[in-house]
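Before any comments, here is the structure.
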């Protein structure tokens, strides 16, 4: 019975994926090259919004967990306009913000990447590197970087763009939409020992907050350094809590006068 149900499920998924593939193929025949990526994105977002089962992620096979070691990764990246082999080991002793985005030459993605790049120095000031990952090739990354921002490109980058053309990194981090072949907007904060401190995943149409990511990095570092915990909406200028029943009253008396 279970085997028959499994075959029926996979048959349904295959039919759905095949229908999407035919739709994409038909559109690319009829449309010019410049509009093909738009067509693909529209189809994927529409299906994702409808919650179709064909757009299941790989998270059922492997999901990174907070407090656990981050999955190892290795790939070719664009760093300061050059190609470089990069791995998780390169970030030992540093914090790492690893964030995934769907595709190069799209719409929300450049706003996120440019925003992180513009804040790169603030991340560096707290011993944190930022790496953006998509399933595009490193050649595509470089072409996008060489495209002016006013034309939807990235321009000069102060952060690294990593290629996941095999989709293995996205799969290992549990953010790959398997049948669509692209990653959701997953973001992982990894500490200097390679341990995941935070993870979040957005659906395709909504971008993330760079300021909130930086705030979280600073909060985790504060806890490690001072042994106190950070309340809601904490910033480096705001009070923290001593984690004990008696000592914590100092904080609560201060904020609830």
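Every residue gets a Cβ built from N, Cα and C, even glycine.
Record note: of 52, 92, 167, 197, Swiss-Prot gives the feature N6-succinyllysine to 92, with no matching annotation on the rest.
Within the list 84, 119, 249, the entry that Swiss-Prot describes as N6-succinyllysine is 84. Shown in sequence order, 76, 77, 78 are the residues of the chain, 6+ apart in sequence, with a C-beta less than 8 angstroms from the C-beta of residue 84 (N6-succinyllysine).
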